[in-house]
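For reference, Swiss-Prot has these:
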BINDING   Asp22, Leu23, Asn24, Arg37, His60, Leu61, Gly62, Arg63, Arg119, Arg159  substrate binding site
BINDING   Lys209, Gly297, Glu328, Gly354, Gly355, Asp356, Ser357  ATP binding site
Amino acid sequence: MKNLDDLLSEGVRGRRVLVRADLNVPLDGDRITDDGRVRASLPTIEKLTGAGARVVVTAHLGRPKGEPDPKFSLAPVAARLGELLGADVALAGDVVGESAKSAVAAQADGSVVLLENVRFDARETSKDDAERGALADELAALVGDGAAFVSDGFGVVHRKQASVYDIAKRVPGYAGGLVLSEVEVLRTLTGDPRRPYAVVLGGSKVSDKLGVIQALLPKVDKLLIGGGMAYTFLAAQGHSVGKSLLQQDQVESTCKLLEEHGDKLVLPVDVVVADRFAADAESRVVDADAIPADWMGLDIGPRSVELFAGILAGSRTVFWNGPAGVFEFPAFAEGTRGIAQAIVDSGSFSVVGGGDSAAAVRSLGLPEDGFSHISTGGGASLEYLEGKELPGVSVLEEGR
C-alpha cells in the first residue's frame, strides 16, 4: 500500500492532490463542539501544502439526504481548518459543480480548497456502482491529469463510497498518515498483542457490537461490559433491570455468550440508577441485581469501577470503545471517567476506539497523551476487529 511519504518522494509541487479527510465533527448550531477530527487531518494537509501541492479536500458532515442542506454545510469546518493551518481555506459552494471548478482552477501552489459536503451529492452513498462511479469520474476530472488521491479519513474507510473507494480506482491512491497509523495500530491488536489483553466495550446497543464481541472473545483475556448494553447482559443473567435500556431480542444470544465465555466476560456489580433520563434526575447506587422497577441504570457504580480498574491495572494491552454511562450528564460520568483514568494509569498499550469514547476523553478533560492511540474511526475500528474488509483500505492495497 503506497503512502503519503511515497507520494512526497515523487514530488507534488504544482500537482493537485485530492485528500479524503474525516471532518465529521459535532456541531451546536454553527459552532464546532469537538475539533479533534479537524486537528487529526492537519499533519497530512500540512505536509502536502508545505511541499507545494494544490490540496483539494473532500469530506462529509452528518447525514444530509443527498441534496444541499445549510445545516450540514462545511462552512464552520473550513473556518476552523483555516485557523489551525494559519492560512485561508477556500470553501467551494458545491461538490463538483461550477463553484468547485472555479475554486480549484484558481488555486496556487500550497493552497487548500475544501469542497462542500460530499454527501450533498446523492451519488456519494449510492448502492449503485455506476452512480458512485459517475461521481468519482467527476471528482477525478476536477483534479485533472497528474493528480493523486490521499485517503486520510479513517472514520469512513469501512464505507464503499465514491470519495472513499471508487475514486481510488481512477486516481493513483496513497494512504495518508492518519489511515496508515490507524491500520498499523489495529494490526497490532489483531496480530500478537502483549498480554494480558483486555477490551472494554460500552455504548447503548448489544446488537451494534454483537459481531465484534463474538470475534474478540476467543482472542482476549478479559472483556469488560459497560454502558447501556450491560443491562441486556444483566437481564440474560436473570436480573430485573427496571426501566434500563434493554434489547429483549438480544437476550438469548447474550445468554449464549455468557454460557460459552463466562470466564472472560466481566459485568458491572453495581450501577448508578436514576428516576428519569435527565441531567438533574434523582440518582443512587444499587447492586446490579437490585435495580428498582421504575428506575433506570445510567452508569456503572463505584465498585464496578474498582473491579474494572483492577483488571485494567494488570493488562498490557487495552482496547476501549464506548462510554460506561451517560457521560454527558455529570452525575453519570464517573464510570467513564474511572475507566479512562484506569487505562491511563495502567501504562498499557492503550487504544481508544473513536466515536463517543474519544469525545468522552476530551469532554472530561483527560490527557489525550495518556493513551497510546486515540482512533478517529469508531465504526471502522470495530469492523476491522470483527474481521470485516475495509473497502477504503483494500482498494489502496490493490493499487490503481
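Backbone N, Cα and C define each Cβ position, glycine as well.
Distances between the Cα of Asp356 (ATP binding site) and those of the binding-site residues Asp22, Asn24, His60, Gly62, Arg119 are shortest for Asn24. With all protein chains in the displayed structure included, the most crowded Cβ environment within 10 Å among the binding-site residues Asp22, Glu328, Asp356 is that of Asp22. In this structure, Gly297 (ATP binding site) is part of a beta strand by DSSP. Closest in space to Gly62 (substrate binding site), of the binding-site residues given as Lys209, Gly297, Ser357, is Ser357, taking the CA atom of each residue.
Largest Cα to Cα distance within the recorded ATP binders Lys209, Gly297, Glu328, Gly354, Gly355, Asp356, Ser357: about 24 Å as a whole number.
Considering only the residues assigned to substrate binding, Asp22, Leu23, Asn24, Arg37, His60, Leu61, Gly62, Arg63, Arg119, Arg159, the longest pairwise Cα distance works out to 18 Å. Checking each of the binding-site residues Lys209, Gly297, Gly354, Ser357 against Arg119 (substrate binding site) by C-alpha distance, the shortest gap belongs to Gly354.
Note on proximity: of the binding-site residues Asp22, Asn24, His60, the one nearest Glu328 (ATP binding site) is Asn24, by Cα distance. Here the C-alpha separation of Gly354 (ATP binding site) and His60 (substrate binding site) works out to 17 Å.
Other C-beta atoms found within 10 angstroms of the C-beta of Gly62 (substrate binding site) number 14, with every protein chain shown included.
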